[in-house]
Each structure stands twice: as C-alpha cells, then as structure tokens.
Amino acid sequence: MDKLIITGGQRLDGDIRISGAKNAALPILAATLLADEPVTVGNLPHLQDVTTLIELLGRMGVHVVIDDRMNVEVNATTIKELTAPYELVKTMRASILVLGPMVAHFGKASVSLPGGCAIGSRPVDIHLRGLEAMGADIEVTNGYVNASVDGRLKGARIVMDVVTVTGTENLMMAAALAEGTTYLENAAREPEVVDLADFINAMGGKISGAGTDTITIEGVERLTGCHHQVIADRIETGTYLIAAAITGGRIKTKDTVPGTLDAVLQKLEEAGAKITTGDDWIELDMQGRRPKAVSLRTAPYPAMPTDMQAQFMALNLVAEGTGTIVETIFENRFMHVQEMNRMGADIEVQGNTAICRGVEQLTGAPVMATDLRASASLVIAALAASGETTVDRIYHIDRGYECIEEKLQSLGAIIRRVPR
C-alpha cells in the first residue's frame, strides 16, 4: 500500500484550487439514472469513490464518456442490468444511492448492501421505509436489497426519524419521478443536498425547500438532459485551512464557497486565525502564531461537520490550552486518537468526548490511517511535528482528497508518496 512520508516544521504559504465535492458528485452521478436523455456533469473530483461509481454505471450498461478533465457524459437509456453487484458496492457505502433512481425510473433495482468507511453503524432502514411509503416492494435477501414497483412510485409524506444525508438524497431522487407530491420532513440541509436538488431541477424536476428541513418534490413524468458543475468541496477547503493554521502559515483557497463553512471559519478565528473571504475564495493567515485550543461539538449542517472533527483535533494537539471535542454524529469516530498519541499528543477519550491538552511539540512517528478524515488529520499533525512521519494505508485519503501531496507541496510542505 502507498505511504506518505512527511517532514514537519515547514510553514505553509500559497494559493490552491479546491476540487469538486465528492459528497455532491456521488449522488449527482446516481441521479443521472433518472434522465431520458444524455446529461453532462463537470468539476468531478478525480477520486477512487467517483471512479467506482462511474464503473458501476458502466457495468450496468449505462453509456458513460469521460474526458481528461473529469467531465462526464452519461446516457442512462442504454441500461441493461438493474443490479449493483457486491464486488463494486463493497468498497463504497454511497452506492446505495443508485437504489432510489433505479426503482423510480426503471421499476426495479437490486443493490448489494454497502461497505465503505469503518465508522459506526449506518443503517439504510430509513431509505427502505421511505421507498415502501412511496409504494415500492422491498425485500432484503442474501445481502441484497431488492426493490420493485408496479407502474410509478406514489408521492408520500415521509418523516425521517434521524437526519440522514444519503437517505434524504435517495428519497429525493426517487420522488422526482413519482406520481404526485412527496414531502420529506426532518431532511438533511447540507449544501450537497441542495446541489443535488439543483441538478434534478436542471433536468426538469420540481424540488423546493432543499437546504431546509422540509423538502417538497412534485413528481414529473420524465427528466431531460442538462449540464451541471459540481459544487466545491467544503471539507477539502476546511482541511487545507487547518493545515495552514497548524503551521502558523497563510493560505488562499480558490474556487470554493465560503458561505458553506461558517461554523468552521468561526472556530478558526477563535483559534487565532485572520480570515478574509470573497465570493469564491477564503484566505487564512496565522501570522506565525501558535493556535489557541478550541472546543466544539459536531452536529448536522449548518453546525460543525463531523467530517472536520479529526482535523480540528489535530489543530488542538499543538495549541495553547485545552480543547474538548464532542462527537454526536457517528460512534467509534476517535480511532485517530491512538495514532496521534504515538506522536506525543495528550488526548483523553471519555465516551463520545475527547479532551485535548495542547503540547509544545509533536514528534514524527509511523502512524496508520483508519478512515478518510482520520487520515487527513494525521497528515495535518505530521506537518507540525518535528522529524519524519510515515502515514500508512493512505488509500483512505485517496477516497476523499485529490492529489493531496501535490497540493501540499505547492504550499511548501515536504511530503512525498512512496508506492508499495
């Protein structure tokens, strides 16, 4: 497996371009299955999960053309196979997203239960109950979800008992072609959900209320072609801002959406960063200062994203003072703590709370990535450590960060990838 070798102690300085958001790209690629005409999607990040979903579409007989700039044209009318097989689905939980659009457009779907991250339980029950409420017959046998409907799905009022991003997206896609109106209550409000709604509306859908906790979908008989650019990745943006902050540096992130990062920027200002924003850029300057410890609690958007928790923990490792981090979204999401402590961190975990006491200096060590955001946090910690850190199992990083070592090198980091 590839490794990253990082020599810490360099102050980051420079400008980088932010990639398209993986968490918007995946549902949008799934939603191409709803259209009766070819659709084009641009600004896709060049990531393993995106490639896997494109491969899944191709395996099902969907006509996919991709250029060297990651613009994809998809024509779902050529679909031959309504099954998403285990060997592709096992690596990525987002593959469950093809269930809603397939049953809505083609009347049936068979999707293997997904794999992906190792963090906690992510039940798909909400997706299945919602589809049943819209008239689908659902059977789970031998690890596959088999869904079918006679005619069209029917609009329904669906109250989700917990806020779920993929659940909201799956049901929103299914409802786009249903007969009648669907109301999704307790819906996820994430910008990626809004981007998916914008994409469906560009194809002729009638979705309103995306970005609030009640989404209204008036079903239409067919969806047509369109061109759509995926929104910028707010988590990638936040990760690079923290990487600059931990080194006392300066960074300008370009082609991003500052309005999607209010909770993150507020905490960075608390840590002592000077933040300036424009329409599509954010500049952070630590002016060589050591960060101050911050306390935070993860919660659904627009609050602090769980996907930024590990990165803020890394910042706290070398900060002045003590910060407390409470994880409310996923269980078992402190797997990076053990690895950070190998670098000389002082972290104590009590249930879903981590208490981080800042130390003067971290020391480079061999560490192992356990999930996507944990691996990014280990890279951030390594940038501030003295000596050399080796981060193993970085296939986790490659699932969510496009060219991470190249972007960090352009900011002055000493980092290289060593192939297995």
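Note that the numbers count up from 1, one per residue, in the order the chain is shown.
For all residues, glycine too, the Cβ spot is worked out from N, Cα and C.
Not measured: the values here are computed from a predicted model.
Residues or ranges marked as phosphoenolpyruvate binding site in Swiss-Prot: Lys22, Asn23. Swiss-Prot lists Arg93, Asp307, Ile329 with the feature UDP-N-acetyl-alpha-D-glucosamine binding site. The 2-(S-cysteinyl)pyruvic acid O-phosphothioketal annotation in Swiss-Prot covers Cys117. As annotated by Swiss-Prot, active site, proton donor applies to Cys117, with the evidence given as sequence analysis.
Features as recorded by Swiss-Prot, highlighted on the structure.
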residue: Lys22; record: phosphoenolpyruvate binding site; DSSP class: helix
residue: Arg93; record: UDP-N-acetyl-alpha-D-glucosamine binding site; DSSP class: helix
residue: Asp307; record: UDP-N-acetyl-alpha-D-glucosamine binding site; DSSP class: helix
residue: Ile329; record: UDP-N-acetyl-alpha-D-glucosamine binding site; DSSP class: coil
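Binding residues for UDP-N-acetyl-alpha-D-glucosamine (Arg93, Asp307, Ile329) extend across at most 17 Å, taking the greatest CA-CA distance. Of all the binding-site residues listed here (Lys22, Arg93), it is Arg93 whose C-beta has the fewest other C-beta atoms within 10 angstroms. All protein chains included, Asp307 (UDP-N-acetyl-alpha-D-glucosamine binding site) registers 21 other Cβ atoms within 10 Å of its own Cβ. Long-range neighbours of Ile329 (UDP-N-acetyl-alpha-D-glucosamine binding site) (same chain, six or more residues apart, CB within less than 8 Å of its CB): Thr298, Ala299, Pro300, Thr306.
In sequence order, Val165, Glu190, Glu192, Asp233, Ile235 are the residues near Asn23 (phosphoenolpyruvate binding site), counting only same-chain partners six or more apart with C-beta under 8 A. The CA atom of Lys22 (phosphoenolpyruvate binding site) is located 12 Å away from the CA atom of Asp307 (UDP-N-acetyl-alpha-D-glucosamine binding site).
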